[in-house]
Structure formats: structure tokens, C-alpha cells
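TrEMBL annotations:
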- 1-13: compositional bias 'Basic and acidic residues' (COMPBIAS)
- 222-232: compositional bias 'Basic and acidic residues' (COMPBIAS)
- 28-199: domain 'EIPR1-like beta-propeller' (DOMAIN)
- 1-20: region 'Disordered' (REGION)
- 209-239: region 'Disordered' (REGION)
- 124-160: repeat 'WD' (REPEAT)
Amino acid sequence: MPKELEPGSHESPDDSSSPAHTLELLCHLDDTAHGSVACVVWEPTGDGRRVISLADSHILLWDLQESSSQAVLAGSASLEGKGQLKFTSGRWSPHHTCTQVATANDTTIRGWDTRSMSQIYCIENAHGQLVRDLDFNPNKQYYLASCGDDCKVKFWDTRNVTEPVKTLEEHSHWVWSVRYNHSHDQLVLTGSSDSRVILSNMVSISSEPFGHLVDDDDLSDQEERRPEEKSQEPPQDSVIATYEEHEDSVYAVDWSSADPWLFASLSYDGRLVINRVPRALKYHILL
């Protein structure tokens, strides 16, 4: 991107008087020989030089070298089996020093080790129909969310993939997108072609299943005189809110990278809707 548009610059990107900027082409992924590209994923951390692309039945690891305008293919692997197998989506895990990638093809979810480009786990029939999207819990390693055409959202522990840890069945049509909140991983967004966006509170499988744990030593005398609060059960998983501003299939949902309480959704008719987490829940999580 041009330096004038980078954060901290004085020029406003929406200033109508500013000249049109052109993007500088840094690198080209020449993977046309492998088929049509379904997904391209950046390495979550690091210097931004490694990229995974999924093309038909191939998973390709690219090294974007600064000295060259052509990306170097650093590793690859292929799906093996009957029929024309094709990847539909993939996510790069931020854990395990960024050595694991999860992919979806048809109803199967697979895990890959980027060092050897070999398969490390496989969840066959993860969904009853096509798997549409995946996302890793940013704060709890081994936990992966998936969604698909069976109208379900499932949460997996990749150490034991025989059964999902949790299943949500709130949507009435294909679920296209699932996203964990980057900071508060109990907040999970899903978007579906039932035209709805659902915000769920999956606190039981989050990194803080009992909220913020407080030692008795930290409580004041006044707080200690309320035993009924100590005996409260841990918070339960629930749907926080259902957003119905869209009139067509919701294909994508995502959280803001700058504000943990802000999220956006995009539907087939081109409508972009930006919403906030309800204030009451925000303060409940923080306090």
C-alpha cells in the first residue's frame, strides 16, 4: 500500500480531493498449474513472508522473497483418494510456532504440519454436508471451530477428533462463516444463508470458562459477606444476539482488528453491516 495510506499518516483515505493511489505489485503466486485457487492464508505471526494457498487438491506453501517478484514454492502436498477432491477453505493456526494448518474438503477436516507438509490429523464426516469455514481459537491451542451446509457449527479438540467438544444448531440454512473474537474467545460469530448473523457466548470451552478467577485474599470484607455470589454456577453457553439486518445470504463475518467489541458482516447483495457487542455483555466480561 502507498505510504500515504498507512496508519499514522495525515492524509485521510476517504478524502475526495486526494488523488487516486495505485497499489504496488510485490509478488505473484504462479499456481495456475495446480488449478483454481480456493483460499490464500497468511502466516499469523512472523515477518509476513510465508503464505499458504489451496488450489484444487493441492496445498502449497510459498516464500515471498523480497529480492524477487516471483514467490518461491517452499513445500506442497496433495489430497489423495477417489474422485476429484478439492479444498474449500483453510486456516493457519497461531499456535505451535505456526507449524499447523487446517483445511476442509467436502465433509472432511485435515491438519497439516508445514515443516514436512504431512497430514497430522483427519476428521472424516466432520459435518453431514460440505464444510464451509474453519477458525482456530486464538487463546486456546488445539481448539478449532468449523461450520457447514448441515446448518451446524462444531468445536473440536484436535488431540481427540472422534467427537466434537460442542455443537451449535441455531441456523436454519448453510453456515458460511465462523470467527472467534481475537481477545475474548468465548465470543463466536457465525453467518449463514438464512440471512442471519448470530453472536454466541461459548464460555464453557473458552480460555476463561469460569470468568476471571479471583482469590479470596483479593476480596474486601464487604465482598466476603455475600456468600450467595460464591455459590453461583459458572456461566452457561448461550446465544447473545441474533442480527437480522441482512436480506440475503451472509457470506462473511469478521471481528475488527482494532476494537474487540466491533464486528462486520457481508451479504450476497453487497450490504455491509457493522455491529457492536451488547454493552451489558461487554461490561460483564470486563468486570
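The backbone N, Cα and C atoms fix where each Cβ goes, and this holds for glycine too.
Here the repeat 'WD' (124-160) has long-range neighbours at 88-91, 93-96, 102-109, 111, 166-180, 182-183, 185, 188, 190, 192, 200, 202, 205-207, meaning same-chain residues at least 6 beyond its ends whose C-beta is under 8 angstroms from one of its own.
If you take every residue in the repeat 'WD' (124-160) and average the pLDDT, you get 96. Secondary structure of the repeat 'WD' (124-160) per DSSP (helix as H, G, I; strand as E, B; remaining residues coil): 0 helix, 18 strand, 19 coil.
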